[in-house]
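Undergrad: Residues or ranges marked as active site by TrEMBL: Asp19. The annotation active site, proton acceptor is assigned in TrEMBL to Asn67. The Mg(2+) binding site annotation in TrEMBL covers Asp19, Glu206. What TrEMBL records for 20-24, Arg32, His36, 64-66, Trp68, Arg70, Arg187, 193-195 is substrate binding site.
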Amino acid sequence: MTAAPPQSRLPRHLAVIMDGNGRWAQRRNRPRTLGHRAGAKAVQVCVDFCLSRGIEALTLFAFSSENWNRPEEEVGALMKLFLRMLDSEVGELNRRGVRVAFIGDRTGFPEAIRERMAQAEALRPADQKLVLTIAAGYGGRWDITQACRSLAADVAAGRLSPEDITETLLDSRIGLAGLPAPDLFIRTGGDLRISNFLLWQLAYTELWFTETLWPDLSDEVLDAALAAFADRERRFGLTSAQVAGGAT
Ligand code: FPP
């Protein structure tokens, strides 16, 4: 067994595309919705892992803007699962120091879910250890568009001039504002793409992909991702020598 990376080499913020629920179920000749239920258990594995490793922020892609186009039955089952998870998990998460937030367009969600989302976001753990952000009804292009729309409204109202618009200002209007950008992105399920997840926020994020299907997630898989991350040199456009603090 390899030693765990030191805290300084751990990601502060982990962003995850939880893919492979449907295939996990289909391989067992079971309905896709069973895969989502198994996926909900893997969410707990992931949250427990982040808490145990001292990771400060976890952002999970639970439902994309495009997922609304899935068969009605699957969307309905996912809505039921979200509602059940919000009812059963949020209180316990809060007690364990997990603050819950949501990013995405909530307009398509049933009122009961939107209410639970607002209630969950109003809770503030006494001793905050982790910020868990659930991306629901989310798309990276939607996120950039809504940030632009909010800036444009300020310009139209005379509160802002176009010259005042900087990357920092746009960043403050986008999902996850207030959190450091994700350091590490993980996608399970074997596909090598970003699928309209955090398009703005992932600019300098390290990417890691695994064939493991989301319901099969384990500490071993997540530790492998952390080990790969600890070996990466993050240069943010600089040279290796600059990063090492040597020649400029
Ligand atoms: C992608 O797998 C997964 C989803 C679209 C839903 C994710 C939902 C959960 C993990 C359960 C609830 C989680 C929260 C945070 C409330 P897929 O269906 O695309 O799998 P496939 O690629 O094998 O078809």
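Cβ atoms here come from the backbone N, Cα and C positions, even for glycine.
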Undergrad: Given Asp19, Gly20, Trp68, Ile194 as the recorded positions, which ones have a Cβ positioned under 6 Å from some atom of ligand 1?
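TA: Listed by sequence, the hits are Asp19, Gly20.
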Undergrad: How big is the gap, in Å, between the Cα of Trp24 (substrate binding site) and that of Glu206 (Mg(2+) binding site), rounded to a whole number?
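TA: Computed Cα spacing between Trp24 (substrate binding site) and Glu206 (Mg(2+) binding site) is 26 Å.
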Undergrad: To see if you understand the setup: which same-chain residues, six or more apart in sequence, place their Cβ under 8 Å from that of Ile194 (substrate binding site)?
TA: Ile17, Gly140, Phe185, Leu202
Undergrad: What subset of the recorded positions Asp19, Asn67, Glu206 lies within 10 angstroms of Arg187 (substrate binding site), using C-alpha positions?
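TA: Among Asp19, Asn67, Glu206, the ones whose Cα sits within 10 Å of that of Arg187 (substrate binding site) are Asp19.
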Undergrad: Quick check for the class: what is the C-alpha distance, in angstrom and rounded, between Trp68 (substrate binding site) and Glu206 (Mg(2+) binding site)?
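TA: Rounded to the nearest whole number, the Cα-Cα distance is 29 Å.
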Undergrad: Between the binding-site residues Trp24, Trp68, whose Cβ has more other Cβ atoms within 10 Å than any of the rest?
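TA: The residue with the densest Cβ neighbourhood is Trp24.
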